[in-house]
Amino acid sequence: MAVSQTTLWNLISGILGVICLLLMTTMGILLKNLLLTESIQPTLSPGPITELQKGSDCCSCPKRWIGHQCNCYLFFDELKSWTESRDFCASQNSSLLHIQNRDELRFVSSSKYFYWIGVYYSKENGTWLWENGLALPQDLLQTIQTFDTKKCVIYSSSHSVLDVSCEDKSRFICKQELM
């Protein structure tokens with residue numbers, strides 16, 4: 001009886017060992033495929049983008065852009081300075097994000113990172129301006145302190161607005177206004 005119990009436990013151990021080996025192999029293959037997929041995904045190039053995707057009821061957006069209220073948005077994860085970000089957006093026929101209303105503010109608040117937006121400090125006017133020269137509405141974004149003005153602004157999903165050096169590197173949001 002003792003011999004048959006030992007044989008049974010050896011058999012069960014062997015089967016469980018094979019199952020564990022198969023699970024580990026499967027996990028390794030899945031992890032390899034995930035890493036390979038992430039490494040070969042194309043990065044957005046500054047060239048023209050012709051492949052379109054449906055954005056909302058009134059617009060089609062370039063691939064990798066997100067449509068909302070007849071505008072297209074690109075949440076770009078490469079770190080660039082404010083000027084580099086602005087220039088990249090311009091090369092895509094867009095501009096750094098200019099938030100126009102609370103609905104748009106809610107839409108861009110879905111991200112967890114800080115992003116450059118199209119706001120800078122004008123020493124000439126002594127105020128914060130959008131990239132297009134319009135004044136920043138006080139009721140839309142949290143008031144930005146101007147004690148030690150660093151000149152450019154990053155925004156996060158917690159409605160945090162920070163002034164930082166324009167030379168710092170950050171993610172950024174480009175916006176194409178289609179209407």
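We number each residue from 1, going along the chain as drawn.
In case you wondered, yes, glycine gets a Cβ from its N, Cα and C as well.
If you look up Swiss-Prot, you'll see 1-10 marked as topological domain 'Cytoplasmic'.
If you look up Swiss-Prot, you'll see 32-179 marked as topological domain 'Extracellular'.
Residues or ranges marked as disulfide bond by Swiss-Prot: CYS58-CYS70 (among others). The number of other CB atoms found within 10 A of the CB of CYS70 (disulfide bond), across every protein chain shown, is 14.
Annotation source Swiss-Prot lists disulfide bond at CYS61-CYS72 (among others). Secondary structure from DSSP puts CYS61 (disulfide bond) in a beta strand.
A C-beta separation below 8 Å, combined with a sequence spacing of at least six in one chain, links CYS89 (disulfide bond) to LEU74, SER95, LEU96, PHE172, CYS174, LYS175. A helical conformation is recorded for CYS89 (disulfide bond) in the three-state DSSP classification. As annotated by Swiss-Prot, disulfide bond applies to CYS89-CYS174 (among others), with the evidence given as sequence analysis.
Under the heading N-linked glycosylation site, Swiss-Prot lists ASN93 (among others). Taking a C-beta cut-off of under 8 angstroms and a sequence separation of 6 or more, ASN93 (N-linked glycosylation site) has the following same-chain neighbours: GLN176.
Proximity of ASN125 (N-linked glycosylation site) to non-local residues of its own chain (separation of 6 or more, Cβ distance below 8 Å) is seen for none. Annotation comment: Swiss-Prot describes ASN125 (among others) as N-linked glycosylation site.
Sequence annotations record features per position, and here Swiss-Prot assigns disulfide bond to CYS152-CYS166 (among others). Long-range Cβ proximity for CYS152 (disulfide bond), meaning a same-chain Cβ under 8 A and a gap of 6 or more residues, is found for TRP82, TRP116, VAL119, TYR120, TYR121, ASP163, VAL164, SER165, CYS166, ASP168.
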Exercise for the section: Ten-angstrom check, please: count other Cβ atoms within 10 Å of the Cβ of CYS72 (disulfide bond), all chains counted. Expected result: 25
Practice task
Counting Cβ neighbours within 10 Å across all chains shown, tell me which of the disulfide-bonded residues CYS61, CYS166, CYS174 comes out on top.
Solution key: CYS174
